[in-house]
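K.L.:
Take this structure first; my questions come after.
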């Protein structure tokens, strides 16, 4: 029913907007709740056992995070008499709220739900989960001041490392994208304390790159690395461009994805955190490895039953191809 879909999408937008506009913790919590409740029917709409399982896992983690957030903000109000988001001063609720928001977006070591959930969803809902759902918690993370930098740096570094190591032995594309998301979030959290504008830049470029990657896989109708071998027949031009998109997601120099990493490493070096910058850069190499593996599967392997005569790509819908063209161009050449 289109009305139901429209209502749910409106709820999704409303929840994020409320969180954006709020300066009071209760209102921010309410926005996050509306957001969660709006995406749950979207996740379970196919009534596939795997989708329902993913939805349940997502619901439980988000409910836990929201409960932690509510508890922390209430504790803060009790200790300091303040409900204002930007006037948090007590270290205990600050730490708790940071951890709750980290659980909400899936930062390591609270990341284990994300690959599982993403694997159970179709690519469109997965895209919403990977992009739009990160906005509201990030708005809150950007607003809370004076968090202990050690916590953020630990979370960020753990995420870049886990995102690198975790994606290495995956064959499912959605799980690879989930680990990629964890790694990117790690970079954002790493620099959050020192330069919030760089966090926003990283978030924006991550959105553009993820958008094009999800749309490529949607156009190919492929969910595992093996299925990519026949993408020549489905979209030849796109197949030759996709490795560039994937390498951009990994952060290879002449491409867009390198820009946030470059600036973040530079900022970390300015803050006298050279060992940290080195570790982060080395963890990016791990991510690059599995993107290269996907690129290899797409462009350098032939499928055993390849029908070169079939060209369904000529008839693909403009609703998918136009945003894909824009996103791909942005992903490759924004630097």
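Note that Cβ sites are derived from N, Cα and C of the backbone, with glycine treated the same way.
A TrEMBL annotation is a machine prediction, not a hand-curated record.
Sharing the features that TrEMBL gives for it:
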DOMAIN    22-286  domain 'NADH:quinone oxidoreductase/Mrp antiporter transmembrane'
TRANSMEM  59-79  transmembrane segment
TRANSMEM  91-114  transmembrane segment
TRANSMEM  150-169  transmembrane segment
TRANSMEM  176-194  transmembrane segment
TRANSMEM  200-217  transmembrane segment
TRANSMEM  229-253  transmembrane segment
TRANSMEM  273-292  transmembrane segment
DOMAIN    288-335  domain 'NADH dehydrogenase subunit 2 C-terminal'
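Are these features on the surface or tucked inside, and what are their neighbours?
P.N.:
With a cut-off of 8 Å between Cβ atoms, the residues of this chain six or more beyond the transmembrane segment (59-79) that come close are 25-26, 28-29, 32-33, 36, 40, 88, 90, 92-94, 96-97, 99-101, 103-104, 113, 117.
Residues of the same chain lying 6 or more positions beyond the ends of the transmembrane segment (91-114) and with a Cβ under 8 Å from any Cβ of it are 32, 57-58, 61-62, 64-66, 68-69, 71-73, 75-76, 79, 133-134, 137-138, 140-141, 144, 146-148, 151-152, 155-156, 158-159, 161-163, 178, 181-182, 185-186, 189.
Note on the transmembrane segment (150-169): residues 95, 98-99, 102, 107-109, 111, 115, 175-176, 179-193, 273, 276, 279-280, 283-287, 289-290 of its chain, located 6 or more positions outside it, place their CB under 8 angstroms from a CB of the stretch.
Panel annotation: around the transmembrane segment (176-194), residues 102, 105-108, 111, 114-115, 117-119, 126, 130, 134, 138, 141-142, 147, 149, 152-153, 155-164, 166-167, 170, 202-203, 206, 210, 213-214, 225, 249, 260-261, 264, 267-268, 271, 276, 280, 283-284, 287, 290-291, 294 of the same chain, lying at least six beyond its termini, place a Cβ under 8 Å from a Cβ of the stretch.
Counting only same-chain residues 6+ beyond the ends of the transmembrane segment (200-217), those with a CB under 8 A from a CB of the stretch are 123-124, 126-127, 130-131, 134, 138, 142, 173, 177, 180-181, 184, 187-188, 191, 223, 238, 242, 245-246, 248-249, 256-257, 259-261, 263-264, 320, 323-324, 327-328, 330-331, 334.
Sequence-remote contacts of a segment are chain residues at least 6 beyond its ends whose Cβ falls under 8 Å from one of its Cβ atoms, and for the transmembrane segment (273-292) they are 153, 156-157, 160-161, 163-165, 167-168, 170, 176, 179-180, 183, 186-187, 190, 246-247, 249-252, 261, 264-265.
In the predicted model, the domain 'NADH dehydrogenase subunit 2 C-terminal' (288-335) shows an average pLDDT of 79.
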